[in-house]
Amino acid sequence: MRKLLLLVGVAALLAACGGPRSSKPSLEVIAALPPAPAGPMVDETPSRWFVELSGGAVSDGISLQSIQAQHAAFRQAAQAAGVKILFAYTQLFNGFAVEVPGKNRKLLYTLPGVEGIYPIGTYKLPPREAANPDLASAITQTGADIAQNDLGLTGRGVKVGIIDSGIDLEHPAFAGRIVDGYDFVGDAYDASDPARSTPVPDPNPDDCDGHGTHVAGIVGGKDSQITGVAPGVQFGAYKVFGCEGSTSDDVILAALERAETAGMDVVNMSLGSPFGWSVLGKAITKMVKRGTVVVASAGNNGNLGLFATGDPAATEGVLSVASFDNIAVNAQKAVVNATGAPLGYLVLGGAEAPPTSGISAEVVWVGRGCNVDALLANPSGKVALMERGACTFNEKYQRAVAAGAVGVIIHNNAPGLFAGGGVVGVAGKFGISISQADGLALRALSTPTTLTWTPDTTLVSNPTGNLISSFSSWGLSQDLKFKPDLGAPGGLIRSAVPLEQGGYAILSGTSMSAPHVAGAVALLLEGNPAFWGPQKPSEVRKYLQNTAMPKLFALAPSSGLPETSYRQGAGMIDIVAAVQNRVTVTPSAISFAEKAGAHTERLVLKNRSNVPLIYKPVHLPGPSAFGSIYSPSFAIAPATVNFSHTQITVPARGEAVLTVTITPPAGLPSKGLFGGYVLLQPVGAGIMMNVPYVGMQGGYQAVQILTPASAGFPLLGRLNAAGTGYDILPSGGTFTLQGNDVPVILAHFEHGAQAYEMVILNAATNTPIHPKFNRADYGEYLPRNSSANGFFAIAWDGTRITKYAREDIYGNKIPVPSEFQAVPNGQYKLQIRVLKPTGRMSNPADWESWTSPVITIARP
């Protein structure tokens, strides 16, 4: 029955999409992503860096003794240079994490053995949301309940490492199953607070935040209150967050090395940084190649536009997980006394809860309730009913309380319940949220009403269930890889939290969908022992992506179109189908965003069963995105897909090849993203399979990195006298190079840059000052800025690189500087050059550049 419903759902999507469309479609806009606030101009230049040393790590076959000798030489030189060392690495990465101001970054290149320098990103845990949904309903969305009850799978024998805020070691949901752990930071740690950013590690990974316990509960918690996806797994608890605040790449890398050494089969990382593109990926890639399945959340930055899937989820080989909303919410129950109807509600985060018995004051409708609005009724001594939108929940709550309200009810402005937060509660004044339908029903009453409070709960259907969550980040990755890979329930999930916090609570986010997939991986590994070994991650990816199924487009579900492949990946995972399927399709996803024009792909179908299986290929197109990457519009502009076979037979224990040719939409503007799904419908026996695809109109050559954004970037400036901002110098300037009197280039990156360099030009001739040693700076893997007003500040200290320590990496010529020399006083220009995400260094067309006005160096 479940399979039949799945096939019916996909058939409905296909029917909604109709037959073949015109080769030159008009752009019928069906939805748009509202722009996130641009905010003030923000300097996003990092101050912490990974330093990679030459020669490789232990995982590359290098002896620990030789690496330690190399480290000793670096430590001595770094200490003499005043560089602060934060962490040392040997297993997956040979190098250090260090702290040095961005303007002094070049100093690191002069230290012995340096091969590369990369910025360190930071990660914050999502805020708590006040709701009480049910993990039991979430596991039905992916078939975990059937895998447990009918197939007898629990994840037994699989070890899952949780890199997070730790796990409550006393919680009954994990009794006797935490087999390894370590606290890398201490309770007080916060990477974003200089006063608390120094880790104080200890052996006890007990969770004082709650996020890690919640994640572990979804993976495999088991007690009288909850049952996770894989309740038979063992855990590794690796604490990288303190009780509050953020963590950073350097701490996470230390945890990865511990998980690798401890032999974790699966590692879950419910954390991420938008637009990430860091060296952390190198270490994770090594783990994956050695047989560890790494699962990471795609990110909770759905409001920040395209290309926001961050590290570590953007790393090749990592299973990047999008979030779908839960189908049901377990809400508190009240009764509307005028009608006797039940009223499901959630407590606003930060506000007091209503009592569990008694009768409320009269409910009055006061309107939107923002400070700029007139109140439509006097709420003094009454319960103020308001509508969500236009201002914060706290502003509405405070406005009503200041007017004398004894409680506040905010109804949704869209279908369904919502979990609001951020309220600064006032003693004795409750605050709750209700659905749009219930709010409109209260407003429509012809007579006043009160509410009767009860201690009961009621299961409320969520109208956005099975749609991608509004917070789930959009792909692609910075280097145009197919991301995210797939999805699972992550919106409104109830799981375990530390006992001192009540034992069980709600969190929402891709943080919650990733552990669902980590648990699914454990079930899949238990059900398929042949997957074990170095091939494990690639086999797991194929089986999960091949059997995942796309859901409706969340921004316009009535359109009948599927969600974009660059937001849901292959779609919602189906654990039962993944375990039972005996056919795989390689590749399991297609991305050709780096190239322009039509693309042809060979899909290899491999049958591991003893009977031949027949499939019919069908194209399911998704919406196309165009316009601003921060607030794109979405249109019905499908690609054209042609197949080599209308029907294909895969012999028993054999293979067959289906050739697919995808032609971009004719009417889509340059840089537009398009995508869809190649569905393989079984003819007779078999399981529906799916291969998602994504492309970019014009390919990576259409990508522009250096854009003016909202402030006319790039710009030449200098730090102002107060040290709080930059004075812009459009006509050039004179600099003494004393203190803060140095030229600074302010550049906005619309997309990530594979590399950048700062070239010094003779101002009179506009030519480099030296045929080879003309660079002032060089860097790799810079992410895009997070907003239209974000920028990187690149300072020049008046020196040029005079020796390169490395000439060849990854097959490209890359100049890693090791020695510098001051240029004479005089007039110069700085040329900023950036390499496109998938470009080649040797191809001039793959670079963008900008040249500054004249810079006069006048040292005293």
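Cβ atoms here come from the backbone N, Cα and C positions, even for glycine.
Sequence annotations record features per position, and here TrEMBL assigns domain 'Peptidase S8/S53' to 155-571.
Non-local contacts of ASP164 (active site, charge relay system) by the CB criterion (under 8 A, 6+ apart in sequence, same chain) comprise ASP207, HIS211, GLY212, VAL215, ALA216, TYR238, LYS239, VAL240, PHE241, ASN268, MET269, SER270, LEU271. When secondary structure is read from DSSP and collapsed to three states, ASP164 (active site, charge relay system) falls in the strand class. Annotation source TrEMBL lists active site, charge relay system at ASP164 (among others).
The active site, charge relay system feature in TrEMBL is assigned to HIS211 (among others). Its own atom aside, the Cβ of HIS211 (active site, charge relay system) has 23 Cβ atoms within 10 angstroms in the protein chains shown.
According to TrEMBL, the domain 'PA' annotation covers 367-441.
Note on SER511 (active site, charge relay system): other Cβ atoms within 10 Å of its Cβ, all shown chains, come to 29. Look at TrEMBL and you will find SER511 (among others) tagged as active site, charge relay system.
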Local confidence of the prediction over the domain 'Peptidase S8/S53' (155-571), expressed as mean pLDDT: 91
Residue counts (helix, strand, coil, in that order) that DSSP gives for the domain 'PA' (367-441): 16 helix, 18 strand, 41 coil
